[in-house]
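Reading through the structure tokens given below for one structure.
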Amino acid sequence: MSKEITREELAQLDASDPLTGFAERFELPEGVIYLDGNSLGALPKGAAARAAQVVNEEWGKGLIRSWNSAGWFEMPLKLGDKLGKLLGANPNETAITDTTSLNLFKTLASALRTQKADAPQRRVIITERDNFPTDIYIAEGLADLVNSLSQESGIPYEVRLIDDEASLRDALGEDTAVLALSHVNYRTGAMWDMVGITAEAHRAGALVVWDLAHAAGAVPVDLNGADADYAVGCTYKYLNGGPGSPAFIWVNQRHHDRFWQPLSGWWSHNAPFAMADHYTPANDVRRFMCGTQPVTSLAMIEVGLDIALEADMSAVRAKSLELTDLFIELVETRCAEYGLELVTPREHERRGSHASFRHEHGYEIMAALIERGVIGDYREPEVLRFGITPLYLSRSDIWDAVEILREILHTGSWQREEYAVRNAVT
Ligand SMILES: *Cc1c(COP(=O)(O)O)cnc(C)c1O
């Protein structure tokens with residue numbers, strides 16, 4: 001691209017873009033350019049009506065009958081299959097249930113148990129130092145639980161952190177039980193090669209869990225094509241499911257009969273209403289679940305999913321890359337003298353769908369941007385993060401956002417005292 005990009009040119013490109021119409025499917029407030037759909041997706045039109053239907057009709061009038069008559073009981077699986085189409089999943093491999101943190105616990109525990117049967121010396125969980133904190137904390141909690149209860153005095157279970165591809169290669173070995181990576185890094189937007197890394201881990205005898213929190217709905221994913229073992233992820237980010245909407249869990253068919261997960265609640269029982277006095281896991285995807293699901297929140301996910309399934313993922317990916325390239329180029333040319341340093345990989349195949357810049361006053365600059373209606377977010381250390389969601393962002397939005405950023409940097413308005421006050425949630 002050249003330095004002479006103009007807003008008019010960008011607006012013309014928007015006008016002929018087949019994805020432009022999707023923005024109308026979302027409720028976005030006037031005067032807001034929303035660059036945080038990677039953290040909490042926008043509200044799809046129809047989601048509020050669906051929630052009202054669940055509350056007023058299905059709950060209010062249907063009462064408990066709605067577990068059967070309104071399909072509440074089947075919803076985690078029905079929606080799981082819909083979502084699975086975006087992930088390269090086969091039918092009956094995906095459930096929408098619980099949280100990403102809980103689903104990480106289930107998949108990691110199951111991977112350890114599977115390895116224990118085949119290769120008991122494999123006791124290391126490998127993950128990234130730069131991973132989203134919950135991914136590390138859950139692995140640590142699991143290792144600690146297993147060690148603290150174990151009566152063996154053998155080698156303890158442990159979590160080993162890697163920093164990059166080279167240290168991953170060094171770490172993978174005869175003691176590795178499972179490798180757990182985020183496909184797209186939450187802070188930098190860097191993306192692992194799922195096919196290559198999965199194959200490498202398998203050659204080393206390890207199982208692989210992919211966290212798709214920042215990938216699902218944002219980049220093409222083919223879990224079966226990559227021959228992955230397990231996957232988890234959020235529905236409230238690029239899938240626009242709503243704040244705290246239930247997460248998903250996917251397990252490769254070949255592991256279903258051995259998918260032992262320790263949160264063996266009644267929803268994962270093979271006959272939950274038999275009220276049996278012992279646990280027998282369901283023979284299918286139900287065994288990934290735990291207990292009663294948050295129905296209102298779960299129901300709203302479908303609205304965002306239906307929109308995502310209507311869009312052509314290859315067009316979404318192409319536009320995401322184009323908008324991200326544009327954002328990076330405009331920041332680097334129009335805000336060149338203000339010390340913003342790109343921390344996101346430039347190569348398309350190594351990048352997800354957000355762009356992050358480092359600046360020592362990142363927090364204050366982001367606070368000033370948010371006050372002007374350009375909503376991104378801030379992640380320690382010093383990172384301004386901008387999510388690029390092609391379904392509701394245009395090229396002109398990217399231009400306008402960078403112009404507001406330039407003005408804030410140029411005038412130094414970010415230095416106002418109130419911008420330095422930290423909120424509980426950044
Ligand atoms: C957002 C995110 C999570 C969130 O997990 P919750 O259980 O929903 O809080 C987990 N992992 C990654 C990689 C994320 O980006």
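A Cβ is built for glycine as well, from the same backbone N, Cα and C atoms used for every other residue.
The pyridoxal 5'-phosphate binding site annotation in TrEMBL covers THR100, SER101, PHE132, PRO133, THR134, ASP135, ASP211, HIS214, TYR236, TRP266, THR292. Classification of ASP211 (pyridoxal 5'-phosphate binding site) by DSSP places it within a strand. Within 10 Å of the C-beta of ASP211 (pyridoxal 5'-phosphate binding site) we count 29 further C-beta atoms, all protein chains included.
The annotation N6-(pyridoxal phosphate)lysine is assigned in TrEMBL to LYS237. Listed in sequence order, GLY37, ASN38, SER39, LEU40, GLY41, ALA213, HIS214, ALA216, GLY217, ALA218 are the same-chain residues at least 6 apart in sequence whose CB falls under 8 Å from the CB of LYS237 (N6-(pyridoxal phosphate)lysine).
For the binding-site residues listed here (THR100, THR134, THR292), the lowest count of other CB atoms within 10 A around the CB belongs to THR292. Among the residues THR100, SER101, PHE132, PRO133, THR134, ASP135, ASP211, HIS214, TYR236, TRP266, THR292 said to bind pyridoxal 5'-phosphate, no two Cα atoms are farther apart than 30 Å. Checked against ligand 1, the binding-site residues THR100, THR134, TYR236 give THR100, THR134 as the ones with a Cβ under 6 Å from it, listed in sequence order. Of all Cβ atoms in the protein chains displayed, 22 besides its own lie within 10 Å of the Cβ of TYR236 (pyridoxal 5'-phosphate binding site).
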